[in-house]
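A.B. asks: Mind looking over this structure? Questions follow.
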Amino acid sequence: MLTATGITASYGRREVLHGVNFDATAGQVTAIVGPNGSGKTTLMRALTGENVFDGVVFLNDQDVASAKPWQLAAVRGVLPQSTPLAFPFTVVEVVRLGLASGLTAGRGHLIPAALDRVGLTGFEGRFYQELSGGEQQRVQLARVLVQVWEPVADGSPRWLFLDEPVSALDIGHQLQVMQIARDFANAGGGVVTVMHDLNLTAMFADNVGLISEGHMVAQGAPEDVFTDQQLSHAYGCKVRVNTAPASGTFLLPHAATMAAE
Amino acid sequence: MTVLTQNPARPHLAGDRSRIATNMTFVLVVLLVLASLFSLAIGAAGTSLWQGLSDLAMGRDLSLRDRVVLFDIRLPRTVMGILVGAALAVSGAVMQGLFRNPLADPGIVGVSAGAAFGAIVAIVLGGYLPAAIAASLGYYVVPAAAFVGSWVSTIILYRVSTRKGRTSVATMLLAGIALGSLTGAFSGVLIYIADDAQLRTLTFWGMGSVAGATWSKVLAALPLIAIALGVAPFLARGLNGLALGEAAASHMGISVQRTKNTAILTVAGATGAAVAVSGGIGFVGIVVPHLLRLMTGPDHRFLLINSALLGAALLLVADVISRTVIAPAELPIGIVTATIGGPFFFWVLLRQRGILDM
């Protein structure tokens, strides 16, 4: 269980989160959506313990603000939006960095498994810096996966925190990565992911938090949060929520109406 | 240092260079032994190491002259070369890991200049120290002052060039220039007021050399360098993590602040002690780690120990060149390393041009 209560975050004098509450349950994919600059990434930083702001965050009953880095690393992995790398590591060497926490000795056999999972078998000896942005993102996902390979271990769930995991990916790899998140949750782990693509969110998430101008506007099941009014208001453009017979909710922005206004 | 237990059943992964890097360690140990023998065997006096060793082995007494040449001149000089070379190379490797940049080198970004300033303060103003303190510090006054100088320089440099966990290369290099000229100016003032005896000390020292090595100098440098070299392997995991950035390192369970503080102290200790006893020997810290990264990859679990070994071996070879190329006179070793290192640095710059502006 992840609970964040009253998160108020400021950079300098500018307050970017105003007392946000947010919950996520293991076994579910929980998405955070909202327009650019609404505070999604800042909320993610609070949830992962990267920054400590006002308010409290508990992950598996552990206070994130006072936990040691290695204690958090044992229960959750974090995929940043993009990860520049300082030195010429190969793909295998980058993934192995995920095993560096010391709690994961003797798990080298996970490296090929993780690369297979993200569809990068055959890339082992390539240099990270020579890969495309999308490939780099999947290498990083493999690194995060080896860190928290078992969705449930010692009776408590492991967590994946993904910050816009599919923004750099083509549609096929978007589905592949979202399916990895889905499978992790189905196996009992927790997934918290910042998303831009609302259709993918509707397709894969069990629970969505909609954030706008530093406020959590709504949190709940996608069909409850994704309403024409709430989305149009949050994103500042007209949006219509539809239902496809086969796959459930999908959305269309009203480009024509925007142009007319 | 993590010792890899090689499991023969484990399939070898493409892109996994840990085995090559481990083998490199063995190669470098052999190289260092050979370089040490080379350094002990060659010198102006023409004393034969082999003759001396066989005399000792047969239980024959060495002549006083041979004993002095071998044990009081060449041996301390060789030990000093090993210490200084290892210290400079490891400082470079740690600093590059800390700044996440292959161009960070104590000599280039002003940390050595800070150490030199500390050493000059100790040499020129050491006489004003209260007698009790001077007596208790003994030989360690100059290394201790150089350590403080390089420590303060490293902290200033890191604070100036790193914001929100990211290091700006341009700021780092420019801050290094500013730091170098500032400490250079302070050093100039002290040199200006130094008396004749101090000037002579400063001149020999400033040329960069392990020529004047004595056992007392070796002992003065030993504690700081030994501690720095002993601590460095424990930085490997942290520096590997930092290669992904501070946030990612922390997410992987690394205590980032502790890693950074330890890295800064390690750089300061190794650079300070090396500069205090050998003056300015440049480029070892940039050449050695860079070559090793090319050959065996950037994994700090191997890079740090291999840098120590290769740095030591390289410095011994450079020292042998420095005392033979214009024999019976000696070329300061700093000139030898700069002649090799300067063009090398250009080459690194050209290779890095594309990604320098990150």
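Note: Cβ is positioned from N, Cα and C throughout, glycine not excepted.
No curator has checked TrEMBL annotations; they are predicted automatically.
I grabbed these lines from TrEMBL:
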type     : residues  : note
TRANSMEM : B:26-53   : transmembrane segment
TRANSMEM : B:73-95   : transmembrane segment
TRANSMEM : B:107-131 : transmembrane segment
TRANSMEM : B:137-158 : transmembrane segment
TRANSMEM : B:170-194 : transmembrane segment
TRANSMEM : B:214-236 : transmembrane segment
TRANSMEM : B:262-288 : transmembrane segment
TRANSMEM : B:300-321 : transmembrane segment
TRANSMEM : B:333-350 : transmembrane segment
A.B. asks: Go through B:26-53, B:214-236, B:262-288, B:300-321 and flag the stretch with the largest number of C-beta pairs under 8 Å relative to the transmembrane segment (B:137-158).
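C.D. replies: The stretch with the most contacts is B:262-288.
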A.B. asks: Between the transmembrane segment (B:300-321) and the transmembrane segment (B:73-95), are there three or more CB pairs that fall under 8 A, provided the residues in each pair are separated by 6 or more in sequence?
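C.D. replies: Yes; at least 3 Cβ pairs under 8 Å.
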A.B. asks: To the transmembrane segment (B:262-288), which of B:26-53, B:107-131, B:170-194, B:214-236, B:300-321 is linked by the most Cβ pairs under 8 Å?
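C.D. replies: Comparing B:26-53, B:107-131, B:170-194, B:214-236, B:300-321 against the transmembrane segment (B:262-288), the winner is B:214-236.
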A.B. asks: Have the transmembrane segment (B:300-321) and the transmembrane segment (B:170-194) got at least three CB pairs under 8 Å, pairs 6 or more apart in sequence?
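C.D. replies: Not in contact, no.
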A.B. asks: Cβ under 8 Å to the transmembrane segment (B:170-194), counting only same-chain residues 6 or more beyond its ends: which ones?
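C.D. replies: Those are 99, 101, 103-104, 108-111, 113-114, 116-117, 120-121, 123-125, 149, 153, 156-157, 160-161, 202, 357, in sequence order.
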